[in-house]
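Visitor: The structure follows.
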Amino acid sequence: MSAQKDRWVSSLVFLLLCASSIPRSGSVGLQQEPSPQHYFSGLEAGKASLAFFTPGVSPGAQPFLEQIESSAEALQDYGISVVKVNCPKEDVSRYCGKENALRKAFLFRGNRLIREFPTDALFDVNSIVANVLFALLFNEVKYVETLADLENTENVLKGKSNMVFAYVPATGTAEHRAVMEAAFVYGTIHQFVLTTEAALLKATSHDDPDVSSAWLLFCHCQQATDPAQPCRRTALGQPLTLLNIHRHLKLMGAPLVTEVAEDPEKISTVHLQLGLPLVFILSQKETYEADRRTAEFVAWQLLGKAGVALLSRDLVDLNVLHRSNVALKTPDEGMPIQYLVLEDTDEVITLVEDKNKVKQIQEDDQQEEEEEEEDEDEKENNNQDIQDDQVVEAVSRDKKRELPLEQILVLTEENFHSSLSEAARTVVLFYASWEAVSLAVLRSYSEVAAHLKGTPGVLLCRVNCWDWPGLCSQENVTQFPTIKIYKEGQQPVTYDGMWGTEELSSFILLSRVSCPLKLATMDEAEGYLRGEFPSELSSHPHTSLLGVFSTATSEAREAFEEAGNILSGHVRMGMYFEDDALALSRKYSVSPPALLLARSGGQSIEGIALSEHGVQDMVQMVRYKLLDIFPEITVPNLPRYLQLRKPFLILFSAGDISQMESKEMLKLAKRRAQQAFVACWLNLKKTPVGHGILRKYFSTMPSLPVLLWVNLHAGGQVFRFPPEQSITEMKILAWLERLQAGLEIPSSTLSEEDWKPPLPAYDFLQMMEPSVPELSPHASPHPGDTPVPHPPKSPGGDTAGGDTATREESSQESTAEEVGSPGRDLRGTAPRLAARDKQGKRHGEL
């Protein structure tokens, strides 16, 4: 119905404009009546007429008669007849009396007098048409004098109808006529309000308007459903003519944002039909809400100047640059759509208001594209071994491989908090789309999503901090990539382990189970030690810890529970504190509070008395006890053993070590007296980075297996076990005694230079040191010099590894960065690529 009404209004305006532009001769529209009686007897109910009474024509009245006769044609278009009534000489009635004849004009509707006009107020066609229509449109056009009157009118209209507010310096002008003619057509759709008060115009504007010119404001009151919400106002930027008013009202009635799901070349909107450009905001489904808000923000800024459409990349196949986020379609026939890369909405507005800006942006984009192509060619022509960082190299090598991200929900400011309640645990990766390490982790994360597909109670999500810096700041993300696990009613847990798929998956799955897991009966506790776990834990070959506490050891139990919260996702911990806890612990020769350490599915259970009841002491104790006695060194677990700051007795092997070597080394490692060093081995087939380590130690690759003593934290000396001797416990002990006595000569000495990452942004050991120093997502295969605290004494007099930091979120909330108006940044419309000279700054901001 509204569409039909709009078409009717447009047709009427078109006819009025055509009628006003057709030249007419003579006084075709002027009617004459021989007498007042004859005139009044012929009046029809509801029909308007403007009459003037004359006994004769005097020279002074000639200008008025010419204007009134000229206005007859214009008023006839509005169904108003203009009548000249002759007064007989003997007629001295009200209308033909000397005080009225040719001094006043009378407006009638039917036989009812509406208004008397002094002839000096009807000085030309514009004044006649304006005043007559103003009198007839008494209900459609309200006259206001004060700001209070205007605001009262707005308040009545809020949520119901829109308002057209016009200011004219004086009535009877061409602008006044244009407003009245528009009100005649649109008065049933919008409420028209008129004023001639300059003070009122100034009160409605933040600027200092020119009160000598006419103004028209479209007030969007229908959208202001809240009484306290002001009506938005959009000014007419052109002179006040009927054509411009019609054009303005037509634009105000168009949809604020048009959603497009077809070829933009085929799109035609009212803006293009009226000669205005159309701006497309390129969108994608992951950021639809943000893009919609951006489009609405831009549309309000450009209202009356250009149209705005939201173009979905997912529904339309666009053969344009993926990073293009804005397109401009002009009304000029034959002009192609221009696809551009803009940084913020200010550039979009400038794009419309300054036509030269389009050419400049296109030239900049073309130059940047050529530079990128040159950079790509240069990269492809160079060998990949000159890359500054292995992560950058890997990402560069696989940059064209599309990641399967369907299983990962994209989060924005709009859906972040609502999505956290969709699953028992929500895992969120905070990353930056331009940064190499983030992209490498995103690859692992996609593999984790595929591995955990269908796992109940786990939802994997991601937030691009390049698009949503305010959200990342609000969630205390100070570096990226960062992974957090959210559970309703609890502080989020930050992942601080390695970024590999296996490690991430294990962390997420272990986080599903309470840590520590509270066991209710003796049978459950003993079953736990034997390896009988809940289904969520059964697939993980971790060593298990069981804390045993009596009712008198509540302090130690509380510390153990807090340590479990800190270690959640990393260890498998249980807790038993029933009345028969003493009987359980005595089976393993300890008394509560105690730890029972079960290795190899319960085949070996070690009882450890807890003498330290501090949370950090327990965290360090658990971490140290979970270290393997004779571990195989890999890139993921290397930082845990570096944390101990002990010399390494390491056996390098070309594959699995022999059963005899394993047995002898294990006997050596189990000696209490030998806890001053780490006995370990490294499989070069599984960890090929070991080749580089050996080349660093020796000028030529030694024959394998090779047993080395490496004191990384005191002099960097490397000693080689005599290759002609067999690897047995007694021979190794004898060799270590000679070494400690200074009778052995080092094979090499490591330089004192730091093995630093190529860029500060990749110093992950340093970045993660404040939270968990022993875990690094980017550890070098060669032991670095990152300072770590000395392990504390264990109850048996040994040293225990660990750190004093926790992983819990700080309870102190950080203040989220202030964000501008909604949709201010073009942040969701395309994966924007920052210039290289801006990347460091962006990293630092997060």
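For all residues, glycine too, the Cβ spot is worked out from N, Cα and C.
Just so you know, TrEMBL annotations are computer predictions that nobody has curated.
Since the structure is predicted, the reported quantities are computational estimates derived from the model, not experimental observations.
Sharing the features that TrEMBL gives for it:
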SIGNAL    1-27  signal peptide
DOMAIN    32-133  domain 'TXNDC16 N-terminal'
DOMAIN    134-255  domain 'TXNDC16 second thioredoxin-like'
DOMAIN    256-347  domain 'TXNDC16 third thioredoxin-like'
REGION    359-390  region 'Disordered'
COMPBIAS  363-379  compositional bias 'Acidic residues'
DOMAIN    408-508  domain 'Thioredoxin'
REGION    772-846  region 'Disordered'
COMPBIAS  784-794  compositional bias 'Pro residues'
COMPBIAS  834-846  compositional bias 'Basic and acidic residues'
Visitor: Which stretch, 32-133, 134-255, 256-347, tops the Cβ pairs under 8 Å count with the domain 'Thioredoxin' (408-508)?
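Guide: The stretch with the most contacts is 256-347.
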Visitor: Suppose you look only at the domain 'TXNDC16 N-terminal' (32-133); what would the mean pLDDT be?
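Guide: That region's mean pLDDT is 82.
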Visitor: Just give the helix, strand and coil counts over the domain 'TXNDC16 second thioredoxin-like' (134-255), going by DSSP.
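Guide: Its residues divide into 45 helix, 23 strand, 54 coil.
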Visitor: According to DSSP, how is the domain 'Thioredoxin' (408-508) divided among helix, strand and coil residues?
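Guide: In the domain 'Thioredoxin' (408-508), the DSSP-based counts are 34 helix, 23 strand, 44 coil.
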Visitor: How many helix, strand and coil residues does the domain 'TXNDC16 third thioredoxin-like' (256-347) contain under DSSP?
Guide: 27 helix, 23 strand, 42 coil
